[in-house]
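Straight from TrEMBL, the features:
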| type | residues | note |
| --- | --- | --- |
| ACT_SITE | B:Thr192 | active site, nucleophile |
| BINDING | B:Thr155, B:Lys181, B:Thr192, B:Glu279, B:Asn403, B:Thr408 | substrate binding site |
Protein chains: 2
Amino acid sequence: MAVGNDTLPKLLPVPGLRLATVSAGVKTPGRKDLVLMELAPGANCAGVFTQNAFCAAPVAVAESHLGASQAQPRYLLVNTGNANAGTGETGLRDARACCAAVAEATGSDAAEVLPFSTGVIGEPLPVEKITAAIPAAVTGLDADGWADAAEGILTTDTRPKGLSVSFNCDGIDYVVTGIAKGAGMIRPNMATMLGYIATDAAVAPELLQRLLSEATDMSFNRVSVDGDTSTNDACVLVATGAAGNAVEQDAGSALALALRDAVQEVAVTLAQALVRDGEGASKFVTVAVEGGLNEQECLDVAFTIAHSPLVKTALFASDPNWGRLLAAIGRAGLAELDVDRVGLYLNDVLIAERGCRAASYTEEQGVAAMAAEDIVIRVCLNRGDAAASVWTTDFSYDYVRINAEYRT
Amino acid sequence: MAVGNDTLPKLLPVPGLRLATVSAGVKTPGRKDLVLMELAPGANCAGVFTQNAFCAAPVAVAESHLGASQAQPRYLLVNTGNANAGTGETGLRDARACCAAVAEATGSDAAEVLPFSTGVIGEPLPVEKITAAIPAAVTGLDADGWADAAEGILTTDTRPKGLSVSFNCDGIDYVVTGIAKGAGMIRPNMATMLGYIATDAAVAPELLQRLLSEATDMSFNRVSVDGDTSTNDACVLVATGAAGNAVEQDAGSALALALRDAVQEVAVTLAQALVRDGEGASKFVTVAVEGGLNEQECLDVAFTIAHSPLVKTALFASDPNWGRLLAAIGRAGLAELDVDRVGLYLNDVLIAERGCRAASYTEEQGVAAMAAEDIVIRVCLNRGDAAASVWTTDFSYDYVRINAEYRT
């Protein structure tokens, strides 16, 4: 199940970056499960990675190689079907072996290869299958490979996710293209499951990292399917420089601001696409909290609602159960919350105020609001000027079925 | 669905306390849904109440009346079928009206009556139905009414919960009897859903509050079904003084220590009974964390595991998915956690260490451990001497069904 439109938009090539997607048979024979991306010499790359203490071996190696290559890796290698997480020292050796195989097939250095894995936790990575498929991947590299790659990185996702945005600045045309995967174990912390965004602009490493961190904070760090933070979350932003502009370093420049908007648009669209494709999802829910003392308390309320199993099962049932929403707001840990000032809306319908059902509210209004696939739960704390939104889904029979049957 | 034995043990009368359970037709005609408890003059009472900012009207009134009566209320009135929560000023008036009706029927003062409600949130309390049933309740008061009362306070529970413990101290026989209810919206914070424990010992108010707080902290505050803290949680401890001992004030006395053990035994048994009767529960899971720097970080890890939807669906599937357990430990927020030192056990089977599957572990061992209804997940952090356990359940299709269909 998934919510809304499932058509992958046309993904534009990013000059200076080529992709290939092949089948290595990591978990399912014949499945296209290995993606190789080649970055032009001199391309800069920024990354954000999971904050989970049990981070996967490829995350540790990718972070290390990103530093070792001075933010100029030449290749990104992504396999699905096996997360190479919970694999200890063996996992680190396996991740490095994959990098070495790419280096050998391309004449690059192993430290210039960043590895990424997603899939089952705790199983040894089938290194031989992956290394055997690398030569075909190298041969297949193509600037037009984004759509295949968007398919190749999926696990329990039901559809690929991607977006391209193009813009002109000072007479030069630029493009930003991104893809992402993830449907469960989704409560990213500084990164999504896996996300790859690239532009042909030339951007200095510090500015690139800042653009990625800001975009991640507004997108992947604002979504939750089930509150579980993956061991493998990673998101990278590549700037190939093929557009030919002078390397941009100034965060306040016209190009930096245009890039910021474009990267955020891609990141937010991808993050929302993760939620729309959430495991068992039948609703796409925006939880918008406003009138808070600061952004953090708005996020605390929003995530408490987004993580409440009682709220999520009510959403699944299209039940305008505002009592469960009030209960979630009440346990979000806000100091000195005056519940009499809290207003609660479903879409534009005021459903509760002054600690109880609004006088104007009718059950029919609530049922009508809940019937839509896209729902906005709006909480007005009425004690400050801060606001924040997160995006989430409902909890369905299918969520239980998928996660009872699937060995992540 | 529920886990384990469902026989209510014999509940012993507590001299100085009488109970009656009658039908008021609050939600379901004919259902026994109203419980009245009468405390002997001079009995002391301690209470702990929900920390949810949207606390229900009866909670606010009960806390206020407990103070106004100087911890010597004469009556406790409990209705099921309607929580009188999310009802604003009207709810407060309604709760006070119920107290006034008990006072009128018994010749006591309204401030000597503590009200408790559980059931649907956000509906007006049917005060007339309740007040109409109070005279019959007064007539029916009986020291042997515990078993009926254990039934009368239930909502989505599938079975009553209670325990009696008796002991002798310095030649005097004492009894402690308790009952509780709750199956969903269970993640108590300073109290359970509803719990009533009484003893015939004479205990001073300060010591009584301390005994209750200590017992609650070791029991109801260590269980979680779904992480949702109710708006109506309340637990009281009554000391009638009918046993005839001199009023006990000394926390270090033989009687205080014996009482502490008895009250904790009753509270822990009731708390575990809530989990065994958790909505949709097919497993009873103890999450035991040891080797922590302090108790709080042990609880952080234990509750992160207990609240993880991915862990809970794996438990439902009897899937020894230790990768999800490691992922939950890794996101519990412990500073400088050395994952290489963490050991993970299912019952007595070591399943993971040094960040990966234990060499000695076989899938057959894990499957065998998960097949039981009662499971212990044990986490050894190996960085200190603190330990803590919590009790929880799995996430099943039935949890979704119950909460998609039931309007709390």
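Glycine residues also receive a Cβ, built from the backbone N, Cα and C atoms like all the rest.
When Cβ neighbours within 10 Å are tallied across all protein chains shown, the highest count among the binding-site residues B:Thr155, B:Asn403 belongs to B:Asn403.
A strand conformation is recorded for B:Lys181 (substrate binding site) in the three-state DSSP classification.
Note: B:Asn403, taken in sequence order from the binding-site residues B:Lys181, B:Glu279, B:Asn403, have a C-beta within a distance under 8 Å of a chain A C-beta. Cβ contacts within 10 Å of B:Lys181 (substrate binding site), excluding its own Cβ and spanning all protein chains shown: 27. Of all Cβ atoms in the protein chains displayed, 29 besides its own lie within 10 Å of the Cβ of B:Glu279 (substrate binding site).
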